[in-house]
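Residues or ranges marked as active site by Swiss-Prot: SER307. The annotation compositional bias 'Polar residues' is assigned in Swiss-Prot to 57-92. Look at Swiss-Prot and you will find ASN65, ASN866, ASN1019 tagged as N-linked glycosylation site. If you look up Swiss-Prot, you'll see 1-92 marked as region 'Disordered'. The transmembrane segment annotation in Swiss-Prot covers 120-140, 786-806, 832-852, 886-906, 973-993, 1023-1043, 1060-1080, 1092-1112, 1115-1135.
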Amino acid sequence: MHRRSSGSPVEDDAEDPLISRTPSEPSGPNAVEPSERARPQVARTGTSFDLRRDHTGASTPRSRNSSTWRMPSSATTTLLPPDPRSSSAAMPLTSQRLLAEASPDAQSRSRPARLRSPWPCSILTALTSLLASLFLCAILRSFAARQTGGDGCGIPVMSPAFLHMAGFDTEHTRFASKYNLYLYREQGVDPFNHENLGLNGAPVLFLPGNAGSYRQVRSLAAEASRHYFEVVRHDQERLRSGTRSLDFFMIDFNEDMAAFHGQTLLDQAEYVNEAVAYILSLYHDPKRSRRDPELPDPSSVIIIGHSMGGIVARTTLTMSNYQANSVNTIITMSAPHAKPPVSFESDVVHTYKQINDYWREAYSQTWANNNPLWHVTLISIAGGSRDTVVPSDYASISSLVPETHGFTVFTSTIPDVWIGMDHLSITWCDQFRKAIIKSLFEIVDVRRASQTKPRAERMRVFKKWYLTGLEPIAERTLSQKEPNTLLTLEDQSNTILPQGQRLILRELGHRRSPNVHLLPVPPQGVAGKKFTLLTNQRFDKSGEQGTLEVLFCSVFPLQNGKFSTVFTMNMDFSGGNVGSTRLACKNAAEDAIHLPASTHFSKHPYDRAEPFSYLQYDLEDLAEHQFVAVVDKAQSPTKGWLLAEFSDSSDAVIRARLGLGGLLSAGLKMRLPANRPMLTEVKIPALYSSLLDYNLKIVRRNHGNQQELFTPLLRQSIPDPHESKFFVNVKDVNVNLHGVAPFMPPPLREQAAVGGVSFQLWTDPSCDSTVDISLHVDIASSLGELVMRYRTVFAAFPILVVALVLRKQFQVYDQTGYFITFTEGLDSALRSSLPMLLLAMSLLASSLATSSRLPPSDDPFHWPLNSTESPIDFTKNDLLLGSQDAFFWFLVPLFGLICVGVCVILNYIALALLSVLAFFYGIFKSKSGYIKRDDKRLVPGFHSTSVTVTNEASNLPIFSAPTPRKRMINTAILLLLVSTTIPYQFAYLVACIVHLATCVRAQWHAKETKSTTHYNFFNYTHSIFILMLWILPINILVLLVWAHNLVVHWFMPFSSHHNVLSIMPFILLVEAMTTGTMIPRVTTRFKYITSLILFSIAIYAAVYGVSYAYLLHHLANIFAAWLVGVYFFSSGFSVRRLWRVLEGDEGTSNSEPGSMKKKP
């Protein structure tokens, strides 16, 4: 029987294959004993050998075609007397396999086959993978199950009609065949026809996001048309003030993917500027417009951008074809302003940097004339934790725009919306679209060429509609108004409450006639006093006939000399008595703050219930007034109630003096006394990170019999960005926030980074009950926060692991001649380099977070004012995991652990795929006449005495390959296409597919021949394949953009991604491996270059891989270039050798002078 050995060395088989061999004892398949003079002699003999043994156990040469191994002429073979003691130690691996078959004790000395198999893994690797899988499952489960709020969005009603602006053709833009411009008209509401478009108002342009549709605007546009038709056009005062309809235009980007390709982003911005110019020109044509000819022609357009459409909107203002002041208002929804959503493409990262630098530079100018964006307002609206497409942290513009020109707000903050939204529902949610459209109507002023009010007024409108009114920057109108109501009271009236007493009305209309309750305003000079009023009724404006009106009054005539002789309202409660008190009052309805209703039946803040009305003033805001008048105008008893009081900050504000460590260890517990104010504010500065979730419990302990007017209402808020969340009928709350987030650039204002979370709790103080509050870190829920903040970690950290594994594999290979399996390399890395590198990265992360701080400044926006002041480093959080808190140092080893498990999973998935494909490949080979286990072309030769093979001979091809001419032509064509037409990412995909086929063939041949050299080659190709798989996602996104362009018949080549040097090393490396040629060992000092390159890739993947992932391809490309160099220069570079490498037959040469080698 023809016995098979494992083909392993015999001297070292009893030892671990990773143990170093001594230099004096060559081993492995590349052991060399040169004999130059023997090479031509063997080449000329043409002897073939049969490896069958005779009765003595010795192998004898026989001429048999079915089982002969042809001796390549390059094999350096020395015919020596047999010496069993030294032959196995000195000969290379392939020769040792020949001798092993001739030896009776071959099986005992051979390397066990199970150690060569790529499937087994060590206990350490298995336990690490199991632990990583458990962490990964816990994170994904937490992300899927964490509390994100219910749906809650109303369904909009619309009748859309989209009019294609066919006139916007190639005469106006070079993108006319790719993009399109449309005008929205609401059927049955907007008058229009093909001759006259019915343009009558202010132009608004909608920009869809990444792969988004222009039809997403229909809900906003329909609401604008219906609101104007049903409300605005009937309000003559608003019409006289310049309010008109909104003409919604929209751009069809053909579902282009600007998030993945920087040049596409710039192309869209160029098209938008050309579209804006065309839209403005439409209003000059009286045949297309129904505008009043006395009104000025529009010179500016309002832009609404969804997702990447918001970034395109900001980019338009930086383009060379931008017309100055043609855009002055930008509203974005779920737009990633601060950071690109993915960093896989260099142009996207560079374009983002250029755009953000332009905006920062513009707003850093001292004089408005030097700021091209002085008249621009930017409002960024984020959906919150329900948005699983773009991290809502990235919507922050605090690092770009001062609060005088814009702000960031969450949909859960907007009054009467109070709900988080996902990435798509933010475009159609009924409550949200109503707030957006009402705010737009309030900023429109068609009497101005800009079509909008001045910037300061626009900012006041946006703050009024988008902020709760409880923020420090919220503006109050009370001090800006003149008294318009004269309130006359009887002198002997008992309606004035004693100083400091709380006003409680449990029922309105109890007296069945109008009634007045006066609260005296405390004297000025008492610090921290605050007035609060809460009711379930709506406040009446002057002249309205409702149930409740709140006035702030001063004794008439006014003490400061401002005499007001004309009052629009006169409220007389004196009964005609001569001795009466007259008060000049201001109505406070415009300062009313809506809060979600909180009753025993409330479940969500967005429930369809009439909201509470709330007033809040600091005592300083009431300096001109002596009384607060609450006028109960109900004519019959109602269920309305009211609470009003003046409170001290010492009782109403609680600041928690504990750090993050205290929250983790013991949590926070406190009890509010029964005599507390209606509003209690708890500030926790240590609670600022967006990576941690908390569980808040509120327990009421009733001691009285008085029924509650309302159940506890909680507001969770942070100052920047403006994120507020309301919880009604609160008992148990999951607290998550978008505060200090990873990778975010620092804000322009230093104080924006501090402050922490504030909890405002409204409770009924009239029930004589205490309230217990407890706060604890929710570890399980916090795991889910890692998904959105660190998704791109799984594009970087696995490359760290793979690089260290490859480093270990090449170290062992260069030292011993064995190319160990991926799992063996991973096990070795887990015992040495990987823990040390992760430890070093953890220390670096902690050091960077500790040393991170903002430069001090007295400037309100904290911009550098002179050369001695250090500017803000907006990229300082790009390193490692981007954490600004040293507390999260453990995330580095955690993600390293998870990525080890992910790499193991991908390794086995790849092995399974290769095994399946190899099975079908074997079926094909058997049908084509291939004889199993007889393809011994790899073995260079044999003689009955002893055989020694050079390093060159051991690297022979193990399977046939196309002719070198064909491979050169294919490579040249591919590189030519890369330099002209296709992006190099397409060539990379081709290289991955070709290398997959190489791995399939390598695995099949290794299984069939049971040769260690075959297994070496398979392990080598498989590890390179794993590396290429992890690099593939970095390239696939640009490839999707390119393929999408082909689908929409846009055949203009990319202006970037045609550098052949970015792909040539990969192509040459893959071509070299298609010949079945094993990479030569590097035994000189140059072997350290391999380790250095791979270690550099690992360090870069850890430090910069998340923020600049696109460079990982280029680093891997450098590694591929080095491997190609090893192929070419291992035995000296020459044209002849280059030809032999391409041919895949390094062993065929003729070293004799003047000899000729025939081409195949």
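Cβ from N, Cα, C; glycine included.
In the three-state DSSP assignment, the secondary structure recorded for ASN1019 (N-linked glycosylation site) is helix. A Cβ distance under 8 Å defines the sequence-distant neighbours of the transmembrane segment (832-852), meaning residues of its chain 6+ beyond its ends; these are 800-801, 804, 807-808, 876-877, 879-881, 883-886, 888-893, 896, 900, 1095, 1098-1099, 1102-1103. On the backbone, the CA of the residue listed as 'active site' and the CA of ASN1019 (N-linked glycosylation site) stand 44 Å apart. Only pairs six or more apart in sequence are counted, and the transmembrane segment (886-906) with the transmembrane segment (786-806) gives three or more Cβ pairs under 8 Å, enough to call it a contact. Sequence-distant neighbours of ASN1019 (N-linked glycosylation site): residues of the same chain at least 6 apart with a C-beta under 8 Å from its C-beta are PRO118, GLN809, PHE819, ILE820, THR821, PHE822. If you count C-beta pairs under 8 angstroms between the transmembrane segment (973-993) and each of 120-140, 786-806, 1060-1080, 1092-1112, the highest count goes to 1060-1080.
Nonlocal intrachain contacts for the transmembrane segment (786-806), taken as residues 6+ away from its ends with a CB within less than 8 angstroms of a stretch CB, comprise 139-140, 143, 342-344, 385, 388, 391, 393, 690-691, 741-743, 822, 825-826, 829, 833-834, 837, 881, 891, 895-896, 898-900, 902-903, 906, 1023-1024, 1026-1027, 1030-1031, 1033-1034, 1094-1095, 1097-1098, 1101-1102, 1105-1106, 1109, 1112, 1116. Within the same chain, residues 114, 780, 783-784, 786-787, 823-824, 826-827, 830-831, 894, 897-902, 904-905 sit at least 6 positions outside the transmembrane segment (120-140) and bring their C-beta atoms closer than 8 Å to a C-beta of that stretch. There are 30 other Cβ atoms within 10 Å of the Cβ belonging to SER307 (active site).
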